[in-house]
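Only one structure is covered here, and it is reproduced in the block below.
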Amino acid sequence: MRFSDFDLRLAAFGAQPVHRGRIARVWLNGQALDTGTRRRHSEHFLPLALREALPALTAELDGLARVHSEHAGSDGSRLLVALADGQMVESVLLPRDGLCVSTQVGCAVGCRFCMTGKSGLIRQVTSMEILAQVVLARRRRAVKKVVFMGMGEPAHNLENVLEAINLLGTEGNIGHKNLVFSTVGDRRVFEALPQQRVKPALALSLHTTKAELRARLLPRAPSIAPDELVELGERYARHIGYPIQYQWTLLKGVNDGNDELDAVLRLLKGKYGVLNVIPFNSLEGDDYQRPDLERIREIVRYVHSRGVLVKVRNSAGQDVDGGCGQLRARATGADQVVTLRRAPRPQAVQA
């Protein structure tokens with residue numbers, strides 16, 4: 001179910017825009033639908049037909065998603081979320097009141113270093129199911145930032161994701177720059193985002209400056225050369241007034257050489273953006289491994305000292321074997337599941 005469908009149902013119960021907005025706000029804050037205002041109880045505010053429908057509506061909303069299991073970790077608690085049809089997605093409670101949500105069950109891009117991509121795309125996550133992940137998190141703690149970096153490629157579920165972003169940036173009371181749309185790069189994204197009422201921050205999965213290598217690592221991503229992707233990102237960054245996050249998963253011996261670093265400096269120097277280097281969350285038996293800690297430090301120092309802002313981001317859930325897609329793979333017993341190895345707890349990396 002999409003939120004637009006739910007909104008029409010509220011209208012059918014006699015709810016005016018002010019009533020529908022109130023219902024959306026209290027739900028997105030994790031509160032009961034009959035929560036009143038400071039001055040009035042809901043029985044003096046909501047239409048009678050809507051009040052009588054609230055128990056059934058509450059049951060329906062609660063049935064959208066539930067926490068199947070919670071896995072606490074030093075870098076954030078990962079929630080395995082069961083949807084109404086039994087499919088599962090993952091959400092991560094991040095430090096500083098952040099939340100990472102999933103936008104698809106599985107993913108069609110098939111990134112070679114991502115567990116989610118191994119299962120392929122199973123189905124889209126609706127806007128209501130995306131919002132339900134936020135509701136579940138807010139019933140546990142405050143959520144002031146939502147990043148669309150969980151399972152799935154948001155660009156492949158654009159209507160549902162944009163609808164969720166619009167609700168979170170209005171009725172959900174989250175600042176627009178604290179809503180982060182993450183994508184491998186799709187021209188539809190650069191066409192759609194500038195036209196939205198709520199214009200989110202943008203994270204672009206760059207990973208390499210070499211077009212051929214990027215095509216191998218992200219086999220079903222749109223064919224956009226890295227330099228063109230950066231130019232598209234720069235145009236959007238200048239339009240909205242906050243920087244692009246360029247994502248770079250560090251793979252030992254693949255994209256961590258000085259030739260790559262020099263090339264990324266040429267691409268990003270002077271651009272309104274930040275390079276997020278993400279040491280790979282190692283999987284036993286996988287083709288890829290993360291660079292050692294000293295090499296990661298060298299990379300950060302090298303890039304930072306030459307004028308490009310760089311930050312180290314570690315994939316949340318490493319100490320609970322919970323990198324993106326891993327909990328779902330274990331829970332569903334997917335054929336593609338490999339034996340997981342806990343990566344060493346990341347140490348602080350000094351620039």
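If you go along the chain as it appears here, the first residue is 1 and each next one adds 1.
Heads up, the Cβ atoms here are built off N, Cα and C, so glycines get one too.
In the three-state DSSP classification, Glu90 (active site, proton acceptor) falls within a strand. For Glu90, the entry in Swiss-Prot reads active site, proton acceptor.
Per Swiss-Prot, active site, S-methylcysteine intermediate is recorded for Cys324, and the stated evidence type is similarity to another entry.
Positions annotated as [4Fe-4S] cluster binding site by Swiss-Prot: Cys107, Cys111, Cys114. Cβ contacts within 10 Å of Cys114 ([4Fe-4S] cluster binding site), excluding its own Cβ and spanning all protein chains shown: 21.
Other Cβ atoms within 10 Å of the Cβ of His207 (S-adenosyl-L-methionine binding site) number 25 in total over all chains. The annotation S-adenosyl-L-methionine binding site is assigned in Swiss-Prot to Gly152, Glu153, Ser182, Ser205, Leu206, His207, Asn281.
Swiss-Prot lists Cys100-Cys324 with the feature disulfide bond, giving similarity to another entry as the kind of evidence. Every protein chain shown contributes to the tally, and the Cβ of Cys100 (disulfide bond) ends up with 26 other Cβ atoms within 10 Å.
Feature annotation from Swiss-Prot assigns domain 'Radical SAM core' to 93-319.
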Candidate recorded positions Glu90, Cys100, Cys111, pick with smallest Cα gap to Ser182 (S-adenosyl-L-methionine binding site): Cys100
Alpha-carbon spacing, Glu90 (active site, proton acceptor) to His207 (S-adenosyl-L-methionine binding site), which is rounded to whole Å: 23
Rounded to the nearest Å - Cα separation of Glu153 (S-adenosyl-L-methionine binding site) and Cys107 ([4Fe-4S] cluster binding site): 6
In sequence order, the recorded positions (Cys100, Cys107, Cys111) whose C-alpha falls within 10 A of Asn281 (S-adenosyl-L-methionine binding site): none
